[in-house]
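According to TrEMBL, the features are:
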- 38-59: transmembrane segment (TRANSMEM)
- 71-97: transmembrane segment (TRANSMEM)
- 117-140: transmembrane segment (TRANSMEM)
- 185-202: transmembrane segment (TRANSMEM)
- 264-282: transmembrane segment (TRANSMEM)
- 294-322: transmembrane segment (TRANSMEM)
- 342-370: transmembrane segment (TRANSMEM)
- 391-412: transmembrane segment (TRANSMEM)
- 466-485: transmembrane segment (TRANSMEM)
- 497-515: transmembrane segment (TRANSMEM)
- 521-537: transmembrane segment (TRANSMEM)
- 549-569: transmembrane segment (TRANSMEM)
């Protein structure tokens, strides 16, 4: 065994070099088209970022060489704070400080460590868990206001005496000084590269909250507490509203206190704490700064991280909890385990409160803690304060409530503690009697599926291919062996890292082959991979350099494929640095959210029906009504619509004030055709974002004054034919009229045309003198087609050119075309 351990590093290096060389060939083999995800704007943005960081680095090094490292990191943090919002940043720091102090006070009451020991991670975990328990109770009642939240968060500061405050500050300062000393001894080039890459990745947090799940679910809690000051848990309109999402509550606490969406600040804070934890955990077997830096860069370059920074998905928070949990397990052993046990249980409780699979994750590091607990013991025997055991039990009760309160409430509301999951067992009437699953990501638990995650990633995640991070396919198996063979680590330390990684990873992958679900253990997997960099007594300089080059190759490969991780990364993150940039990107990426903001601003508590393809209504200051799978009752009603009368009855029953409509989808289905008919007669188009139109609904029909008709205004269109003759549209766009609309704000477009067969389309088009244009493809059928649609006129528009065009056919006979104004 010892001979295998001695020869393993060289064999692993040789194998990894060969495997690295195979990646370009296999990418070419599997790629349907060249995976070139970088466009000109992205390359220019990356180049400017690189030049800027290098220029600042050189400036600081020449002007203040002794403080260059601190200055560079400080400038990066200030730059990020401005991009994500100063108010959100300060409130996030305030919340973290309050959570730490609350946890530190709790630990002081039950542990032997005094305030001279910082216990930052342990106290933070316990404080977060206590706050989640508290605020989970508060959201049921109309007491959730900005001032009340700020007041609650200040309490831990008031409970600390001046002497205790000074002791805590000294302990934290001591830890910070040690970190700065380590930073000061690191090679300046390493600090520059870390700033360059980590800063570039962190910039993706600038993007506005445009994720689908965020805008149909995660942001709803914050919106309702802002408007109504309590949460409705409206299970009929969103089946996930009773599911455990502690990250939503965490975001809500900070956002409500800051009066702004703090998603970016929260994600950056979690990233900073996570990177610190990775550095410290990898320090348990790596000594050189360059090796620990490579571990950080390998993790940060993993494309999915940049995508998670743009959302409120649970996996980033779970990854932080898992890594902090393992860090606590690896900390120096003490005589008693009071504080460590509470920190591990707090991490596990927060995992369970975040998502059902979090229970599995929490269980793995609780199981890894058992061998440590057997040696340390939980004891109060030498403590003269007899109330400590009672307080310890009280904290255990609070942590239990943190973990399970969502499940008990779900059971109370729906009859299923895991709703909507496993409903075949619990049979809640609010969802189909079946076990919920997403067949899109049920590929089978096999090595073939695992392999395909990396070469056919789009089948396992909403992304392009090759973006999963090849290091977890090639480096991880060798890293596991290297960690097992490592003689500098004791067995409990190895178990603490391996058990959560493999335990959760295998369980999650067996349940669903979806790449994002595996992310909670990606940081730990990166640390395990770092075991390949461990320098033994027999390691030569050439061997170490070669292994570092292998790591560098995988980092560069990750960055090469990074923009392919989500479709909107085709836009540089710098565009989202300002508020105006965020608004512009929101309208482009998530037009439904832009319309939601428009309606919220101009209406008082409206009920809005969202088209199934335009459902981003979580931030609506009113009642969003969906007809998708996550609102099964509403979907069933919508699917049963056959006539316009059915639509009017639905609108009346639901008291619908607005409808957000996707004008690009087919209206061949009866319900969509009927809905379009009602929108053209009872809907006033008030705003448009991309292809989506917001209609203000009325019980009475909306009147449009006839304004233009091709038969009565032949002179205006320059035709010398008889007024009853039709027009011929061909593939060349032709202006048939220029209309002056005055102060009208909406128009009704009606066209009747005839096709000789069912091929091609007629293009309905009006080019206003202010963008956007009206452009609609109307498919041909053999015979006559009549199409009517109402549309908003862009703000500031005073005229428009009316076009007729045929597409993918020789011509279309336009029998009638008229436009009304309102």
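Cβ coordinates come from backbone N, Cα and C, glycine included.
Heads up, TrEMBL stuff is auto-annotated, nobody curated it.
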Can you tell me which recorded stretch out of 117-140, 294-322, 391-412, 549-569 has the most Cβ pairs within less than 8 Å of the transmembrane segment (185-202)?
294-322
With pairs 6 or more apart in sequence, are the transmembrane segment (549-569) and the transmembrane segment (294-322) linked by at least 3 Cβ pairs under 8 Å?
yes
Under 8 angstroms, Cβ to Cβ: which one of 38-59, 264-282, 391-412, 497-515, 521-537 has the largest number of such pairs with the transmembrane segment (466-485)?
521-537
Pairs of Cβ atoms less than 8 Å apart decide it: which stretch in 38-59, 294-322, 342-370, 391-412, 521-537 has the most with the transmembrane segment (497-515)?
342-370
For the transmembrane segment (391-412), could you work out the same-chain residues 6 or more beyond its ends whose Cβ comes under 8 Å from its Cβ atoms?
106, 109-110, 126, 129-130, 132-133, 136-137, 233, 242-246, 338, 342, 345-346, 348-350, 352-353, 359, 362, 378, 380, 418-419
Do at least three C-beta pairs under 8 angstroms join the transmembrane segment (342-370) to the transmembrane segment (117-140), pairs 6 or more apart in sequence?
yes
Same-chain Cβ contacts of the transmembrane segment (521-537) under 8 Å, 6 or more residues past its ends?
9, 12, 16, 274, 277-278, 281-282, 285-288, 291-292, 294-295, 298-299, 302, 304-305, 319, 322-323, 326, 361, 469, 471-472, 475-476, 478-480, 482-483, 486, 488, 497-498, 500-501, 504-505, 544, 547-548, 550-551
Let me spell it out: take the transmembrane segment (117-140), skip the flanking residues so only those 6+ beyond its ends count, and list any with a Cβ under 8 Å from a Cβ in it.
96, 98-104, 106-107, 152, 156, 168, 171-172, 174-175, 221, 225, 230-231, 246, 249-250, 252-253, 273, 277, 321, 324-325, 327-328, 339-340, 342-343, 346-347, 349-350, 353, 395, 398-399, 401-402, 405-406
